[in-house]
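Asker: Pasting a structure below so you can have a look.
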Amino acid sequence: MNAGRGKRAAGHASSAEGPGRAAPAASPRAVDPRLFSLVVIVGYGLFRGVNANSYLSAFASVEAPFLFVPDLFFNVVVACSVVVCSVTVIALTLRGRLGPLSMPYVAPAALFVAANLCALFGVFSWMPSDLALIVPGVLLGVASVMLSLVWVEVLACQEPRAIVTQIALSMLVNMVTSSVLSGLSGGARAVASCAALVVMVLCARYVRRALRAGVAGTGAGGRRKDAPRGSYRDAFLELGDSLVAFCVMEAVIGLLNSFMLAGSVTFAGSGSVSGAGMLIGILAFCVVVFVVQRIPRVSTAFRVIMPIIASLLVFLPFLGEQFNLFFSTVLLGGYYFIALLITYVVAETAHVRNLSPYVLMGAAACLARVCLAAALLGGHAIGSLPGGLFGESEHIMRYLVVIMAVIYALSLAAVLVSRDRRHRRRGDADAGSSAAAAAPAGAAEAAPLPAGAVAEGDDAFDARCAAVAAAGGLTEREAEIMRYLARGRTKAHIAGVLFVSENTVRSHVRNIYAKLEVHTRQQLIDLVEEERGADGGGEAPGCR
C-alpha cells in the first residue's frame, strides 16, 4: 500500500505539468494584478450602475419608481426575460455549446445601447402601450443576464479574497454611476449610459484577453471542459440555503411592492427608497469586507434580517409615512446586502469547485426571478381585491402580515431542511471515513499541534509540507491550507486567517484528502511527519 502510494505521489510530481492535469483557476499574472483588478472594478461597477438605473427608470420612461418597481408590467416582462435567457444559457452550457470565457459581451452591450437610443429618440413612445414596455423589458432582461454572467465568470477566475474585494469596490463604482445617471435628464442620461457601456465593453475586452493569455493551453478559465453533473448537484446542495434566502427576499419585496401599488398605498419619498436601500446594502457589505473581514453565511444574514422586517411590518398599517419610508429602506437595504452575498458565494463556489458560473449564477437568477414574478402578480391580485372582502385597508395590511409570516415560516423551514440534508450527506461521508481511518474522527479534528512543528523551525516544517504538497499535486491554495491542517488548525480558524468562507475551506480539504489518499487530519499529520523520515532515509517524498 505504501509503495503504491509512493508511486502515485511520484506520478503526480512527474506529471504536474502534463497536459492531462486540470489547471487551477485563472490568475491574471500576465498583466499587472493591480491594473487587472482596477479594470474589473470599473467595468463591473459601470455595468451594475447602468443596469440598475435602466431597470428603475424603465429606460427613462418613468421619473421615479415606487420602491423598486417603475411599472408592474415592465417588471414582470423583465423577470420573464431573465428566466428564459437563464434557462437557455444553462442548457447550452450543460450541453457543451457554451464554454468558459465564451459568453458574448459586445452583443448584450449593443442591446443596452439600442434600448437607450430608442428612449433618446422617442421610439418607444411610437409603439402601442403594451409593446412599449415589452420591447425594453426583453432587451433589459436578456442583456442584463448575459453581462452579469460575463462579470461573475471574471470574478470566479480569481481567489476568494480578490473576489470579495472587487465586488465591494465595484459596488462603490455602481453607487456613484447610478447616482450620477439618476441626476441627469432623459436625453443626457441615455447618452451617459451609452458612454458608460462603451467603457464597460473595453474593460471586458481587456479582462478577457488577460484571462485567455494567462491560461493558454489549459482551457479558458482554467476549468474542466466536461465537469460531471454530480458536481453541480453537490454545489447546489451547498448553495441551497443561500438560494432559498435570496428567493424569499425577492418574493417578500415583490409581494409588498405590488400590493402597495395595487392598493394605492403611497408615501412621500418612495422614489428615493431604492437608492437609499442600495447605499445601505453596499455600505454594510463594505464594512463586512474591510472592517469585520469575515463573510457571513447568506442564511445567517437572512435569519437576522427577516425577523426585523416581519416585526417592522406589524406596525406598518398604524404609523405614518415616515415609518413607511424607514421600513422600505431597511427592506431594500437588507435585500441588496443579501444579493451581494449571493454574488460572492456563487463566484466562490464556481472557483473552488471548478464549475461553470454560467450554470450556478444562471440558476440563481432564474429561481429568484420566478419568485419575484409570482410575488408581483400575487401581491397585485391581493391588493386589487374589493375592500369589502377584508374590510378597511388596515385589515388588508394585517392580512399581508399573515402572508409574510407564512412566507417566513416556510422559508426558515426550507433553509433548515436544505442544511439538514447537506449535513446528513456530509455526516455519512465523515462516518465512512472515520470507520476506515486509523484514528477516530473526533481525535483528528482536535489534533494538537504536531510535535515536529514545535521541535523544529517553521522553515523546516513548511519545507516538509511543501514536499508532500508537491508529491500529491496540490494547487498553491491547497498547499497553503494543508500547512494549517498539518499544524492542527480547525476549518473555522483557517477560514478566518485566509479570509474565505468555511465552505471554501471544506471543499479544499476534501480535495487535499483525496489527492493525498488520507481520510482524517491525523493521517495528514502522520504523512507530514513521515516526510521527516523520508528526508533522512532516502524514501520517496510523500511515501507512506
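In case you wondered, yes, glycine gets a Cβ from its N, Cα and C as well.
According to TrEMBL, the record shows the following:
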type: COMPBIAS; residues: 1-10; note: compositional bias 'Basic residues'
type: COMPBIAS; residues: 13-27; note: compositional bias 'Low complexity'
type: REGION; residues: 1-27; note: region 'Disordered'
type: TRANSMEM; residues: 35-52; note: transmembrane segment
type: TRANSMEM; residues: 72-94; note: transmembrane segment
type: TRANSMEM; residues: 106-127; note: transmembrane segment
type: TRANSMEM; residues: 133-156; note: transmembrane segment
type: TRANSMEM; residues: 163-184; note: transmembrane segment
type: TRANSMEM; residues: 190-207; note: transmembrane segment
type: TRANSMEM; residues: 243-267; note: transmembrane segment
type: TRANSMEM; residues: 273-292; note: transmembrane segment
type: TRANSMEM; residues: 301-319; note: transmembrane segment
type: TRANSMEM; residues: 325-346; note: transmembrane segment
type: TRANSMEM; residues: 358-376; note: transmembrane segment
type: TRANSMEM; residues: 396-417; note: transmembrane segment
Asker: Given the cut-off of 8 Å on Cβ pairs that are 6 or more apart in sequence, determine whether the transmembrane segment (190-207) and the transmembrane segment (163-184) share at least 3 such pairs.
Answerer: yes
Asker: Okay, the transmembrane segment (358-376) and the transmembrane segment (133-156): do they have at least three CB pairs under 8 Å, pairs separated by 6 or more?
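Answerer: Judged by the Cβ rule, the two regions touch, with the required three close pairs present.
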Asker: Using Cβ atoms and a strict cutoff of less than 8 Å, what residues sit near the transmembrane segment (325-346) while being 6 or more residues removed from its termini?
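Answerer: Tertiary neighbours of the transmembrane segment (325-346) are 67-68, 152, 155-156, 163-164, 167-168, 171, 239, 242-243, 245-246, 249-250, 252-253, 256, 267-270, 273-274, 276-282, 284-285, 295-296, 298, 301-302, 305, 308-309, 312-313, 316, 357, 360-361, 364, 501, 503.
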